[in-house]
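These features come from TrEMBL:
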COMPBIAS  176-190  compositional bias 'Acidic residues'
DOMAIN    116-168  domain 'STI1/HOP DP'
REGION    169-198  region 'Disordered'
REPEAT    195-223  repeat 'ANK'
REPEAT    224-256  repeat 'ANK'
REPEAT    257-289  repeat 'ANK'
Amino acid sequence: MAGRGSAGGNSAPPFDLGAGGFDFSSLQNVLNDPSIKAMAEKLAQDPNFAQMSRSFESQLPGASGEAPTVDPTTAHKAMADMFQNPDFVHMAQELGQKIMQSDPGMQQMMGMMQQPNFQENMQERVQALHNDPEISRLMQDIESQGPEAMMRAWSDPAVMERMSKAMGGVLSPDAQEGDGEEEEGEEEAEPPLPPLLEAAADGKTDELKQLLKDGADVDQTDHKGRSSLQFACGFGHLDCAEALIGAKASVDSQDSDGNTALHYAGGYDQPDAIAFLLKHNADKNIKNAEDATAAGVAEMNGHTEVINLLK
């Protein structure tokens with residue numbers, strides 16, 4: 001199959017647990033800003049806004065996980081009413097400005113969105129998403145089930161990888177720079193994954209077993225030190241993980257950022273993979289280059305079930 005990622009379609013899956021890959025501290029700091037909290041408290045004391053909030057929340061999926069029948073007219077009116085409240089609009093504007101100021105990446109993205117060819121590129125890539133059968137089904141689920149389906153997709157690295165590949169780097173500032181710099185980007189593209197690692201990332205168990213039978217090194221790594229077991233566990237492909245462990249894969253091998261398979265499973269919310277690795281004596285106390293254990297990575301991302309398994 002084609003390689004993974006954006007530039008040239010040959011980079012590896014979006015696994016980057018080091019260098020703040022899961023650091024949401026800037027957003028947390030913004031939400032804890034005294035001025036934002038004061039505005040939120042003021043809104044909470046407004047009876048009219050409280051009524052609008054209840055009306056809006058009633059249109060969202062319930063805690064049971066079942067998507068209720070949403071009346072588009074009611075939902076639209078509830079949202080419109082919220083944006084009629086000047087205090088809410090002011091808070092939203094302040095929040096947006098502070099997020100922009102605290103996150104250079106967001107500033108860069110917003111600047112890129114002002115590029116004259118951004119809208120045309122985005123329309124082409126969205127059409128590519130609709131042409132992908134798997135992504136098309138996902139988008140239909142999001143349309144019918146709303147935020148719940150979107151959150152499921154957001155937490156699934158395999159789905160996000162397919163969407164990233166379909167978007168072809170349109171959300172990367174480098175993709176908007178012009179022909180000369182596109183050539184430079186191609187020169188800097190990451191090399192393709194070795195076959196064993198790609199089979200593990202794609203969940204192709206039979207192919208993986210055949211590669212091992214043909215003599216592939218079970219602990220082979222890519223240019224970032226990532227192993228097949230790390231990819232299999234990060235994507236939740238337990239059949240592949242079992243085959244790799246059966247071939248004596250190192251359960252605690254670390255990539256160039258110090259991450260183990262446990263870090264990958266913890267960062268990408270794969271509780272079954274966590275349980276599998278612990279069953280095979282994975283060391284949950286190993287820290288990566290950011291001084292974080294697998295539990296620490298999971299905690300940064302709010303993966304409660306994984307955190308409980310790693311206690």
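Glycine is no exception: its Cβ is also placed from the backbone N, Cα and C atoms.
Shown for the repeat 'ANK' (257-289): DSSP residue counts in helix, strand and coil, namely 16 helix, 0 strand, 17 coil. Same-chain residues lying 6+ beyond the ends of the repeat 'ANK' (224-256) with a Cβ under 8 Å from its Cβ atoms: 12-13, 15, 18, 157-158, 193, 196-197, 199-205, 208-209, 212, 218, 262, 264-265, 267-268, 270, 272-273, 276-277, 280-283, 286, 288. The DSSP breakdown of the repeat 'ANK' (224-256), given as helix, strand and coil counts, is 17 helix, 1 strand, 15 coil. Confidence annotation: the domain 'STI1/HOP DP' (116-168) carries a mean pLDDT of 66 in the model.
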